[in-house]
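**Student:** First the structure, which I've put down as structure tokens, then a few questions once you've had a look.
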Amino acid sequence: MLPKMPSSQWISASLVVVLLSLHAGVNAFYLPGTFMHTYTPGETISAKVNSLTSIETELPFSYYSLPYCKPPEGVKKSAENLGEILMGDQIDNSPYRFRVNMNESVYLCTTDPLTKEQAELLKKRARDLYQVNMVLDNLPVMRFTEQNGVTIQWTGFPVGYNPMGSNEDYIINHLKFKVLVHQYQAHGDVVITSEDGVAMVESDRKSGYQIVGFEVVPCSVRRDPEAMSKLKMYDKAESVNCPLELEKSQAIRENERITFTYEIEYVKSNIRWPSRWDAYLKMDGAKVHWFSIMNSMMVVFFLAGIVFVIFLRTVRRDLTRYEEMDKEAQAQMNEELSGWKLVVGDVFREPCCSKLLCVMVADGIQITGMAVVTIVFAALGFLSPASRGMLLTGMIILYLFLGIIAGYGGVRVWRTIKGTSEGWKSVAWLTSCFFPGIVFVILTVLNSILWGKKSTGALPISLFFTLLALWFCISVPLTLIGGLLGTRAASIEYPVRTNQIPREIPERKFPSWLLVLGAGTLPFGTLFIELFFILSSIWLGRFYYVFGFLFIVLFLLVIVCGEVSLVLTYMHLCVEDWKWWWKAFFASGSVAFYVFLYSINYLVFDLRSLSGPVSATLYLGYSLIMALAIMLSTGAIGFLLSFYFVHYLFSSVKID
């Protein structure tokens with residue numbers, strides 16, 4: 001009996017079966033890191049440990065920076081992908097050994113007497129709410145707590161705790177693990193889906209146990225260090241319940257010896273292996289996501305109504321009436337023109353800082369393409385959290401290769417504005433360096449802070465050179481190739497001629513930038529709810545996997561950005577303001593201003609536990625990068641749609 005799968009996964013599974021049936025000698029198909037493991041009873045599995053993390057500091061540290069027991073074979077780092085390194089992950093082996101389907105209570109080690117520095121560091125990590133992140137068979141350890149009668153799910157367990165009313169800090173030194181296993185019976189060839197949603201054909205699979213859940217109850221237990229130190233690692237230890245009395249808990253003190261032990265209990269479960277991540281990925285608040293979408297659709301329909309009025313009732317009516325007149329009447333009307341028709345000789349006049357505009361539009365196209373492709377792949381299940389760091393790695397690779405589109409778009413806009421290809425190389429070069437250069441500078445500053453704190457979140461020098469090599473060896477050449485293709489594409493001709501003397505723009509009571517800045521509130525209204533969930537997943541260690549909702553919100557955001565920029569451009573033309581280029585860009589791009597303000601609001605009201613100027617600086621630095629990317633993306637969308645609107649509008653006017 002096969003587990004239930006979504007229709008998209010059935011389709012992919014069917015395709016794999018058809019393809020593999022063409023090759024008689026094939027035995028299995030799987031992706032590295034997603035293969036389903038079936039263990040025999042008594043088989044040994046070693047847990048791994050990731051960096052220590054905290055929602056108070058956002059500074060990850062190595063697990064072995066604290067005086068924990070080390071594996072007998074020594075500490076060995078696991079291979080990490082680019083995304084894991086950028087996220088500050090440092091996955092090491094651990095001494096925690098699990099023998100499949102064997103309940104046991106195990107002694108690990110007793111530390112040497114804690115030095116003053118070790119004791120102070122343990123206390124600091126406990127008070128800063130640092131969590132130990134352990135992984136077994138690619139599943140993060142999970143714990144449950146009760147708060148106000150509500151069960152809350154957490155990943156990881158605390159380094160220690162400081163009870164209210166006590167001056168002592170206590171360390172978690174005894175772990176009660178519960179491993180959920182599914183008993184698997186082999187029945188010939190089967191089709192399953194991996195954790196990444198990829199269909200796999202399995203044959204000759206052995207019967208045994210599959211790990212489908214990993215839970216822990218952390219305890220602090222005071223033991224006699226003299227008696228326990230006589231035991232060897234993995235000897236049997238006495239099973240204990242978590243003590244409620246502080247006298248029986250292990251305090252963190254100088255010269256104190258700490259004993260580490262753990263218990264394992266295996267529980268049979270009906271959860272199947274492809275569904276074992278469901279407990280981590282389920283997110284409450286589906287109704288909130290639907291509310292966000294409905295709210296966005298209301299904004300879309302409201303703006304669509306305005307656009308409909310502009311096109312069909314105003315613009316089309318004027319054009320139809322104009323075309324029905326004879327030549328004499330047209331000449332008389334030309335003298336009595338008003339509104340947007342007055343700027344016909346200036347509307348395509350070159351804007352100030354035109355090269356910068358082309359570069360920002362090009363980078364916006366590149367970022368938008370990266371976001372759309374990434375979200376589509378994630379929504380289809382190809383970028384699962386089971387593959388740590390793959391989402392970020394995929395985004396970086398996509399951004400590098402989409403440089404060819406950015407180069408093409410930037411040079412095409414440059415040729416349209418200038419009427420010539422001269423200077424296209426500098427446009428393509430600046431396109432490849434503008435956004436990555438700003439990000440590189442910000443990351444360098446933040447990285448120097450992390451280096452000073454000796455955090456595992458600090459990028460190694462070797463990775464900096466790797467990123468620079470990827471940048472200059474892939475992104476820059478592809479951007480230049482795209483620019484070359486842009487010079488050979490058909491040029492976009494202006495429908496009207498530009499006057500030699502620019503027309504004076506009438507004075508207004510209020511500056512136009514107020515209208516441009518206010519326009520960003522409409523796109524922000526379509527994404528602020530989803531933004532809350534994204535920020536929570538980044539800074540509070542929660543999983544975000546509702547990419548279907550995110551794709552719908554992104555689609556609506558693109559529509560709203562286009563509509564807002566189009567309406568605002570038309571309003572500026574109606575008041576004889578022909579300097580619409582930058583205003584069209586920032587009409588939708590100003591949403592980034594509100595995103596950054598919301599990030600500050602989230603820091604103040606939702607990350608109240610975040611402590612220290614270092615943590616706040618890191619948060620604001622990463623938020624600035626996010627806001628800049630959103631500004632370029634939404635600004636490019638608004639500008640391109642406004643340009644085609646203006647081009648269409650004035651191509652219909654026959655005024656000399």
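Note that Cβ sites are derived from N, Cα and C of the backbone, with glycine treated the same way.
Annotations in TrEMBL come from automatic prediction, not curation.
Below are the features listed in TrEMBL for this protein:
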type: SIGNAL; residues: 1-28; note: signal peptide
type: TRANSMEM; residues: 290-312; note: transmembrane segment
type: TRANSMEM; residues: 356-383; note: transmembrane segment
type: TRANSMEM; residues: 389-414; note: transmembrane segment
type: TRANSMEM; residues: 426-451; note: transmembrane segment
type: TRANSMEM; residues: 463-485; note: transmembrane segment
type: TRANSMEM; residues: 513-539; note: transmembrane segment
type: TRANSMEM; residues: 545-568; note: transmembrane segment
type: TRANSMEM; residues: 580-600; note: transmembrane segment
type: TRANSMEM; residues: 620-646; note: transmembrane segment
**Student:** Report, as numbers and ranges, every residue of the chain located at least six residues beyond the transmembrane segment (389-414) whose Cβ falls under 8 Å of a Cβ in that stretch; write 'none' if there are none.
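**Tutor:** The answer is 80-87, 89, 354-355, 357-359, 361-363, 365-367, 369-370, 373-374, 377-378, 383, 421, 423-424, 427-428, 431-432, 470-471, 474-476, 478-487, 489, 492.
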**Student:** Counting Cβ pairs under 8 Å that sit 6 or more residues apart, are there three or more between the transmembrane segment (513-539) and the transmembrane segment (290-312)?
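**Tutor:** With 3 or more qualifying Cβ pairs, these stretches touch.
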**Student:** Determine whether the transmembrane segment (620-646) and the transmembrane segment (356-383) share at least three Cβ pairs under 8 Å, counting only pairs 6 or more apart in sequence.
**Tutor:** yes
**Student:** What else in the chain is close to the transmembrane segment (580-600), if you only count residues 6 or more beyond its ends and a Cβ gap under 8 Å?
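**Tutor:** The answer is 347, 351-354, 357, 360-361, 364, 512, 516-517, 519-521, 523-524, 527-528, 531, 535, 560-562, 564-565, 568-569, 572-573, 619-620, 623-624, 626-628, 630-632, 634-639, 642-643, 646.
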